[in-house]
Amino acid sequence: MKAALKGKYDLDHNSSGAATVAFNAGDVKLRASITDATFKNSPSLTGLVLAVEKPGSFSVDYNVPKKDFRFQFMNTVRVAEKPLNLAYIHSKGDNRTILDGTLVWDPSNKVSANYAVESGNCKLKYSYNHKGLTTIEPTYDVAKNSWDFAVSGKVYGDDSLKASYQTSSKVLGLEWTRNSKQTGCFKVVASVNLAEEKKIPKLSVESTLNFEM
């Protein structure tokens, strides 16, 4: 059985917490997660989500207080001898359906498309990985007719940095992530809206501790 505790804090003095417990039952994984809202005033079902997942095949999430299901089905087919990873995602509560596909041309090059059925919006992304160290990802948003750009890379072993820029909103972002079995995982996110006159940066810190039970 595996468990995880996650905490998040930002400069606006907003804080949140979450806990997840997962264990294997044959070839499927069962998972339960709660948030700090579950115990904010008194113990309740607020924030409780139950899930069952078969990696690479399907996952079903059930939000207990909202009585809302989220389904995801995955499959891989081959196109011109290249793997095409497909996903169908449907959220019952807001009646939202997403179709997602990623064509893995080789270990360094991937092309993906994400289509929202209800809105008709489509995003196209190309991902290039250079020598397993640096990844460059331009994304085109068809509805907004705009581009997003992201560059990420590994530094100092367990650490990685990611810089991003959204041309439609003019938001510049920077992430520092560490994934370590010894010290746990944490992420520092900073962003600034270049379209704002004052350009006040936003900063948040997220930490995750993983346990084997």
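From the backbone N, Cα and C atoms, a Cβ is placed for every residue, glycine too.
Sequence-distant contacts of the transmembrane segment (2-11), counting only residues of its own chain at least 6 positions beyond either end whose CB sits under 8 Å from a CB of the stretch, comprise 17-23, 202-213. If you look up Swiss-Prot, you'll see 2-11 (among others) marked as transmembrane segment, on the strength of sequence analysis.
Secondary structure of the topological domain 'Chloroplast intermembrane' (12-17), assigned with DSSP and counted as helix (H, G, I), strand (E, B) and coil, comes to 0 helix, 3 strand, 3 coil. Marked as topological domain 'Chloroplast intermembrane' by Swiss-Prot: 12-17 (among others).
The transmembrane segment feature in Swiss-Prot is assigned to 18-27 (among others). Residues 1-7, 33-36, 47, 54, 213 of the same chain lie 6+ residues outside the transmembrane segment (18-27) yet bring a C-beta within less than 8 angstroms of a C-beta in it.
Annotation comment: Swiss-Prot describes 28-31 (among others) as topological domain 'Cytoplasmic', evidence class sequence analysis. Secondary structure of the topological domain 'Cytoplasmic' (28-31), assigned with DSSP and counted as helix (H, G, I), strand (E, B) and coil, comes to 0 helix, 4 strand, 0 coil.
Feature annotation from Swiss-Prot assigns transmembrane segment to 32-41 (among others). Listed as Cβ neighbours of the transmembrane segment (32-41) (distance under 8 Å, sequence separation of 6 or more from its ends, same chain) are residues 15-22, 47-51.
Using a Cβ-Cβ cut-off under 8 Å and counting only residues 6 or more beyond its ends in the same chain, the topological domain 'Chloroplast intermembrane' (42-54) has close neighbours at 18, 27-36, 60-65. For 42-54 (among others), the entry in Swiss-Prot reads topological domain 'Chloroplast intermembrane', with the evidence type sequence analysis.
Note on the transmembrane segment (55-63): residues 29, 48-49, 69-76, 93 of its chain, located 6 or more positions outside it, place their CB under 8 angstroms from a CB of the stretch. As annotated by Swiss-Prot, transmembrane segment applies to 55-63 (among others), with the evidence given as sequence analysis.
Outside the topological domain 'Cytoplasmic' (64-69) by six or more residues, the chain places 44-50, 91-93 with a CB less than 8 A from a CB of the stretch. Feature annotation from Swiss-Prot assigns topological domain 'Cytoplasmic' to 64-69 (among others).
What Swiss-Prot records for 70-79 (among others) is transmembrane segment.
Taking Cβ pairs closer than 8 Å, the topological domain 'Chloroplast intermembrane' (80-92) reaches residues 68-74, 98-105 in its own chain, all 6 or more past its ends. Sequence annotations record features per position, and here Swiss-Prot assigns topological domain 'Chloroplast intermembrane' to 80-92 (among others).
Per Swiss-Prot, the feature transmembrane segment maps to 93-102 (among others); the stated evidence is sequence analysis.
Annotation source Swiss-Prot lists topological domain 'Cytoplasmic' at 103-107 (among others). Applying DSSP to the topological domain 'Cytoplasmic' (103-107) sorts its residues as follows: 0 helix, 4 strand, 1 coil.
Per Swiss-Prot, the feature transmembrane segment maps to 108-117 (among others). Remote same-chain partners of the transmembrane segment (108-117), defined as residues 6 or more beyond its termini with a Cβ less than 8 Å from a stretch Cβ, comprise 96-102, 123-130.
Annotation comment: Swiss-Prot describes 118-121 (among others) as topological domain 'Chloroplast intermembrane'.
Per Swiss-Prot, the feature transmembrane segment maps to 122-131 (among others); the stated evidence is sequence analysis.
Listed by sequence, the residues of this chain that lie at least six past the ends of the topological domain 'Cytoplasmic' (132-143) yet keep a Cβ under 8 A from its Cβ atoms are 119-126, 149-154, 168. Residues annotated as topological domain 'Cytoplasmic' in Swiss-Prot, with sequence analysis given as evidence: 132-143 (among others).
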Three-state composition of the topological domain 'Chloroplast intermembrane' (80-92), taking helix and strand from DSSP: 0 helix, 10 strand, 3 coil
Long-range neighbours of the transmembrane segment (170-178), counting only residues six or more past its ends (CB under 8 A): 152, 158-164, 185-195
Residue distribution over DSSP helix, strand and coil in the topological domain 'Cytoplasmic' (132-143): 0 helix, 8 strand, 4 coil
Confidence summary for the topological domain 'Cytoplasmic' (64-69), mean pLDDT rounded: 92
Helix, strand and coil counts within the topological domain 'Cytoplasmic' (64-69) (DSSP): 0 helix, 2 strand, 4 coil
